[in-house]
């Protein structure tokens, strides 16, 4: 003990005489007065001075916080570990954020959860590791009381938000895999952002109470880091500790286990049903064997997700609950510091499990950071395919997607047109079912489709068309030439019989015009992307609507209508069939000039 220059606050703790602030701080740290005194006596410390001690000491210096007399190598070891965790975590999460910001194919609503997880882990490493490392090198807390509170608040906020985000990811995958049809179009970008906002507010709600007297932010372990006070054996502190672990640790853990259990069971049940449908030939046996491999891989990844969550936060929970139960005398400074380091290390494996193992993230990182291609084991063949897919997303393509229902015009049996719109984004499956990494879907596009249908009950002379219906795709190439191709297998087109004396204007209204009964009208779906290419010529759409006569603009650049006029255009889009009664069917489609 120091005599003369310091006065005793409690047994074994001393403060400088000229620093009255130390007395107030040490007295406020009741968590470290009684319980830590007994805990430190359990540590077998080698003699470092002529007078050996194993209790907290404060040297005559400008630092008001007490220190723990432990070997220097203990501080340096923890400092080196936390520095490694911080650098690795910041690099890994930065790669995930960078790949998301550069790649258009990754900007899906479901991937917003992965990005939020990367942001919280990055901020956790950025705010905790440098300060923890600095104080470990000084072997004491050097940033004052306000610095301790701010440090502990950031650790609590980002740590809680990370755990809640893990739960949100598990719930999102649960609905997509177990209820695929019901989940189509449900998760939009706006809803995903709203969910993340709720997660941040929820985390903030559990991080602010120590500022208002419910528990407190105090130094912990080797007194080189800070956290909330879980050592004080008072009703207020114990209530906060118990509620915090129920609503922040135990409930998310139960939800994660529940979701991944039913995800595994759903995929296993589906594979068994498919196996019963198929025969017992050699090919089906190979497929069954491959499904079993995928199931086992999925089970291992789900197990890793749960185990890493438990390993990261269970030690911290165990220490806090031990103090909550009144057995804080058994806790040593090392037992308080090591769980904090393990919890912060979760920022390393989260981006690996949820993002970097995903094929599209690896390809995006390898594309934009070529020096990491060999480290990520990305072959050049896959990289070229990924580059081609990126180029294809920058073209205006007419397509029909089962998961995209936005902007669809549908005509009811009463003859009225109705606009039905769905979610403005897509929710898709992952590239590999067994990967269980983030959901990936193609970037959503603004799609407009017009379907002309006719209730067969109103038309007694209806005869189905023998030719297969199709849709036209309008593809813009780098040369600026538009070409028309047949639709994919997934395209769904509706061809109906147009009622006599009725046709559609470009506004969707029904107008009376003389049209032959047997005419079949088809209007293709047009996908309009917001991105333009510098190689494409400027396109100005014009519309030509005729209420009296109906004309068809074919694929020829110039064609005479019923009145002898000539319709010209650089490119014309039409699927209508000519009829012997009238000249041609009206072209209610844009002409690109």
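Note: Cβ is positioned from N, Cα and C throughout, glycine not excepted.
For 1-77 (among others), the entry in Swiss-Prot reads topological domain 'Extracellular'.
Annotation comment: Swiss-Prot describes 78-98 (among others) as transmembrane segment.
Taken from Swiss-Prot, the feature topological domain 'Cytoplasmic' covers 99-112 (among others).
The transmembrane segment feature in Swiss-Prot is assigned to 113-133 (among others).
Residue counts of the topological domain 'Extracellular' (134-150) by helix, strand and coil are 12 helix, 0 strand, 5 coil (DSSP-based). Residues or ranges marked as topological domain 'Extracellular' in Swiss-Prot: 134-150 (among others).
Taken from Swiss-Prot, the feature disulfide bond applies to 148-226, supported by sequence analysis. Within 10 Å of the C-beta of residue 148 (disulfide bond) there are 24 other C-beta atoms, taking all protein chains into account.
Same-chain neighbours of the transmembrane segment (151-171): 113-114, 116-117, 120-121, 123-124, 127-128, 131, 143, 195-196, 199-200, 202-204, 206-208, 210-211, 217-218, 225-228, 248-249, 252, 255-256, 259-260, 305, 309, 313, 343-344, 346-347, 350, 354, 438, counting only residues six or more beyond its ends whose CB sits under 8 Å from a CB of the stretch. Marked as transmembrane segment by Swiss-Prot on the basis of sequence analysis: 151-171 (among others).
Taken from Swiss-Prot, the feature topological domain 'Cytoplasmic' applies to 172-191 (among others).
With a threshold of 8 Å between CB atoms, the same-chain residues lying at least 6 positions outside the transmembrane segment (192-212) that come near it are 109-110, 112-113, 116, 149, 152-153, 156-158, 160-161, 164-165, 168, 228-229, 240, 244, 247-248. Residues annotated as transmembrane segment in Swiss-Prot, with sequence analysis given as evidence: 192-212 (among others).
Swiss-Prot lists 213-243 (among others) with the feature topological domain 'Extracellular', giving sequence analysis as the kind of evidence.
Same-chain residues lying 6 or more positions outside the transmembrane segment (244-264) and placing a CB less than 8 Å from one of its CB atoms are 160, 163-164, 166-167, 170-171, 173-174, 177-178, 206, 228, 295, 298-299, 302, 305-306, 309-310, 313, 317, 320-321, 436. If you look up Swiss-Prot, you'll see 244-264 (among others) marked as transmembrane segment.
Per Swiss-Prot, topological domain 'Cytoplasmic' is recorded for 265-300 (among others).
Nonlocal intrachain contacts for the transmembrane segment (301-321), taken as residues 6+ away from its ends with a CB within less than 8 angstroms of a stretch CB, comprise 163, 166, 170, 230, 241, 245, 249, 253, 256-257, 260, 263-264, 331, 335-336, 338-340, 342-343, 345-346, 349-350, 353, 434-436. Sequence annotations record features per position, and here Swiss-Prot assigns transmembrane segment to 301-321 (among others).
Marked as topological domain 'Extracellular' by Swiss-Prot: 322-336 (among others). Across the topological domain 'Extracellular' (322-336), DSSP classifies residues as 10 helix, 0 strand, 5 coil.
According to Swiss-Prot, the feature transmembrane segment maps to 337-357 (among others).
Annotation source Swiss-Prot lists N6-(retinylidene)lysine at 344. Take the CB of residue 344 (N6-(retinylidene)lysine) and look out to 10 A: across all protein chains shown you find 26 other CB atoms.
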Rounded distance in angstrom between the Cα atoms of residue 344 (N6-(retinylidene)lysine) and residue 148 (disulfide bond): 17
Residue counts (helix, strand, coil, in that order) that DSSP gives for the topological domain 'Extracellular' (213-243): 9 helix, 8 strand, 14 coil
Cβ-Cβ under 8 Å with the transmembrane segment (337-357): same-chain residues at least 6 beyond its ends: 78, 81-82, 85-86, 88-89, 92-93, 95-96, 99, 114, 117-118, 121-122, 124-125, 128-129, 132, 155, 159, 162, 166, 169, 220-222, 224-225, 227, 301, 304-305, 308-309, 311-313, 315-316, 318-319, 365, 376, 435, 437-438
Cβ neighbour count (within 10 Å, all chains shown) around residue 226 (disulfide bond): 30
Within the predicted model, mean pLDDT of the topological domain 'Extracellular' (134-150): 91
